[in-house]
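Record features (Swiss-Prot):
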- 15-208: domain 'KARI N-terminal Rossmann' (DOMAIN)
- Cys45, Gly46, Ala47, Gln48, Arg68, Arg76, Ser78, Asp108, Lys109, Gln110, Gly158: NADP(+) binding site (BINDING)
- His132: active site (ACT_SITE)
- 209-344: domain 'KARI C-terminal knotted 1' (DOMAIN)
- Asp217, Glu389, Glu393: Mg(2+) 2 binding site (BINDING)
- Asp217, Glu221: Mg(2+) 1 binding site (BINDING)
- 345-484: domain 'KARI C-terminal knotted 2' (DOMAIN)
- Ser414: substrate binding site (BINDING)
Amino acid sequence: MANYFNTLNLRQQLAQLGKCRFMGRDEFADGASYLQGKKVVIVGCGAQGLNQGLNMRDSGLDISYALRKEAIAEKRASWRKATENGFKVGTYEELIPQADLVVNLTPDKQHSDVVRSVQPLMKDGAALGYSHGFNIVEVGEQIRKDITVVMVAPKCPGTEVREEYKRGFGVPTLIAVHPENDPKGEGMAIAKAWAAATGGHRAGVLESSFVAEVKSDLMGEQTILCGMLQAGSLLCFDKLVEEGTDPAYAEKLIQFGWETITEALKQGGITLMMDRLSNPAKLRAYALSEQLKEIMAPLFQKHMDDIISGEFSSGMMADWANDDKKLLTWREETGKTAFETAPQYEGKIGEQEYFDKGVLMIAMVKAGVELAFETMVDSGIIEESAYYESLHELPLIANTIARKRLYEMNVVISDTAEYGNYLFSYACVPLLKPFMAELQPGDLGKAIPEGAVDNAQLRDVNEAIRSHAIEQVGKKLRGYMTDMKRIAVAG
């Protein structure tokens, strides 16, 4: 199989990379009705599989789970989760032939085997659904021409998909139809109904393409969402300890600092995050972020280039074929780092303390978010897609570190994201070591003293922060979410 993106000509590549439209609430007036009375069979019962299934069932759809024979016979975790939640469970042979929509929610590396198993069993004219387009775009999976291929990609972990639905809301979602597989022209109707059934239409849906979703998703998770947080955690911890900070305090400042800092990001973008700092600290954070952007820009561009060309995917798939040797080695090495093995700090750190003593961390967040966004947009990805794959998801990933450090982040994210994270962080840590050696007192671990600032400089920095394109599109999209939540909660 050939990488699908690389089979397209340049005009087709640009058209698919640039496909992104924020859909109006009125486009979902029919809710999930297009799929009501039809049989939806989900393959895989992990975080996305279970939680999407729960939402879809609560939205009135007929949901069952197709699992491998051995998973059922051995009563594995997937079987237990599905049966304990009252779902019908059967083998591929028992359930797939009757399915109107088969939703493949297994890990990326299993997709080819799953499709190879289910495709011969699918009835003529059925639909195949994904929540990530890697198998179609990067692997180049060929699907029977009578089958409609759609994607519904919630921009959150599966647990959040469920919790937001239970609150009467949803999570922002990308939907797409594979242009090579829409024989009856019903792909968009299926995708809209599926998105509505998960609650995504209440938070905002972007009509996208398989290509745009995959390329932007890979870029976000490799750089700012996971790679930058891992590299930043390791670098900042080592710097604090090197300067005499108690390792337990240093660990807590970083572990919970990312979550605290990005909560401000979630509520009001980079502008609010920077506004949490004193004026002298804001000026310093801005200066540090500009230095970081200059240093890291080539690394971000290399990751984007390798994602666009397919170099990243081919390297990762070679590691799949080698029993994940690189992935497992990197995972083990990360678990042995000083940050991961540091003792826990029993004392309390106040919320503002995380900002005051984390100026460098704030600079890293700002630089990483802006660089990821800029690099995606420069590559033809539309701003709304770039926002969701950079700033929007960052607080969710930071929350995983707050639970159990980098271990938890790497457990929760996909193997694809984890592999890309290690590629980035292993390059970024040595790249930034000279920069770390030049830090000033107050950049990390100590607060910058209050003092006079130049009004004109502060004015210009504030303007630069607020006028960045990600702040403009972020304000618009957060406004949509707030408005939609208000409408949804009001009934």
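The count begins at 1 with the first shown residue.
Every residue, even glycine, has its Cβ placed from backbone N, Cα and C.
Features per Swiss-Prot, on structure.
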{"residue": "Ala47", "record": "NADP(+) binding site", "DSSP class": "helix"}
{"residue": "Arg68", "record": "NADP(+) binding site", "DSSP class": "coil"}
{"residue": "Ser78", "record": "NADP(+) binding site", "DSSP class": "helix"}
{"residue": "Lys109", "record": "NADP(+) binding site", "DSSP class": "helix"}
{"residue": "His132", "record": "active site", "DSSP class": "coil"}
{"residue": "Gly158", "record": "NADP(+) binding site", "DSSP class": "helix"}
{"residue": "Glu221", "record": "Mg(2+) 1 binding site", "DSSP class": "helix"}
{"residue": "Glu389", "record": "Mg(2+) 2 binding site", "DSSP class": "helix"}
{"residue": "Ser414", "record": "substrate binding site", "DSSP class": "coil"}
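Here the candidates are the binding-site residues Asp217, Glu389, Glu393, Ser414. The one whose C-alpha lies nearest to that of Cys45 (NADP(+) binding site) is Ser414. Per-residue pLDDT, averaged across the domain 'KARI C-terminal knotted 2' (345-484), gives 95. Here the binding residues for NADP(+) are Cys45, Gly46, Ala47, Gln48, Arg68, Arg76, Ser78, Asp108, Lys109, Gln110, Gly158. Their largest Cα to Cα distance works out to 21 Å. Set side by side, the recorded positions Arg68, His132 differ in how many other CB atoms lie within 10 angstroms of their CB, and the most is found at His132. The distance from the Cα of Glu393 (Mg(2+) 2 binding site) to the Cα of Arg68 (NADP(+) binding site) comes to 32 Å. Each of the binding-site residues Cys45, Ala47 was scored by the number of other CB atoms within 10 Å of its CB, and the largest score is that of Cys45.
Checked against Glu221 (Mg(2+) 1 binding site) by C-alpha proximity, the binding-site residues Arg68, Glu389, Ser414 yield Glu389 as the nearest.
Comparing the residue listed as 'active site' with Glu389 (Mg(2+) 2 binding site), their Cα atoms are 13 Å apart once rounded.
Distances between the Cα of Asp217 (Mg(2+) 2 binding site) and those of the binding-site residues Ala47, Arg68, Ser78, Gly158, Ser414 are shortest for Ser414. Within 8 Å of the centroid defined by the CB atoms of Asp217, Glu389, Glu393, the record's Mg(2+) 2 site, lie the Cβ atoms of Lys155, Ser216, Met219, Gly220, Glu221, Leu225, Tyr388, Ser390, His392, excluding the listed residues themselves. Other Cβ atoms within 10 Å of the Cβ of Glu389 (Mg(2+) 2 binding site) number 28 in total over all chains. Under DSSP, residues within the domain 'KARI C-terminal knotted 1' (209-344) fall into helix, strand and coil as 117 helix, 0 strand, 19 coil. Every protein chain considered, the tally of other Cβ atoms within 10 Å of the Cβ of Glu221 (Mg(2+) 1 binding site) stands at 25. Geometry remark: Ser414 (substrate binding site) versus Ala47 (NADP(+) binding site), CA distance 11 Å.
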